[in-house]
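So the structure is just underneath, and the comments pick up after that.
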C-alpha cells in the first residue's frame with residue numbers, strides 16, 4: 001500500500017456555485033483524506049507562478065485571469081495512490097470526454113471552467129503542495 005499526497009484546487013467556477021462541500025464529500029468517499037485546506041484569492045503573481053509551465057501558450061493569460069476571478073480552495077489530499085485516484089475522480093480536462101460520474105462530468109461548465117485541478121504526478125504534487133503550504137500546515141490523520 002503506497003500512501004501518498006496529491007494537490008487539488010477547487011476552481012473559481014465551482015466555488016461560486018457552492019460546490020466545495022459536494023466535491024469534498026466525493027473526495028472523502030474514495031477513502032482519501034483532506035489533510036490541509038485553505039481558501040485563497042490568487043494574486044496575478046501567484047497564478048502566473050503556479051501555471052508557469054504554460055507561459056507562452058495561447059491560453060495562459062485567460063487561465064491566469066480565470067484563476068484570479070474569484071476565491072479558490074487549495075487542498076492536500078492523502079491516501080493510497082492519491083495522485084492517480086484523484087485524477088480518475090476528476091475525469092478528463094474536457095468535461096465532454098470525462099467519464100460519467102467524474103467531478104468534471106458532473107460539475108464542469110466547459111473545458112475552460114472545468115471546476116477542479118489535480119497534480120499530474122507525484123513530483124508535480126510535491127511542487128504544488130509546497131507552493132501553497134508549509135509542512136506544518138499539513139495535518140496527517142490516522143487511518144481507522
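Note: Cβ is positioned from N, Cα and C throughout, glycine not excepted.
Quick look at what Swiss-Prot lists:
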ACT_SITE  117  active site, pros-phosphohistidine intermediate
BINDING   11, 59, 87, 93, 104, 114  ATP binding site
Rounded Cα separation (Å) that holds between residue 117 (active site, pros-phosphohistidine intermediate) and residue 11 (ATP binding site): 7
Other CB atoms, at most 10 A from the CB of residue 114 (ATP binding site): 23
Least buried by Cβ count (within 10 Å) of the recorded positions 11, 87, 104, 117: 87
Cβ neighbour count within 10 Å of residue 93 (ATP binding site): 13
Spatial neighbours of residue 59 (ATP binding site) that are distant in sequence (at least 6 apart) but have CB under 8 A: 112
For residue 104 (ATP binding site), the three-state class that DSSP assigns: helix
Mapped DSSP class for residue 87 (ATP binding site), helix or strand or coil: helix
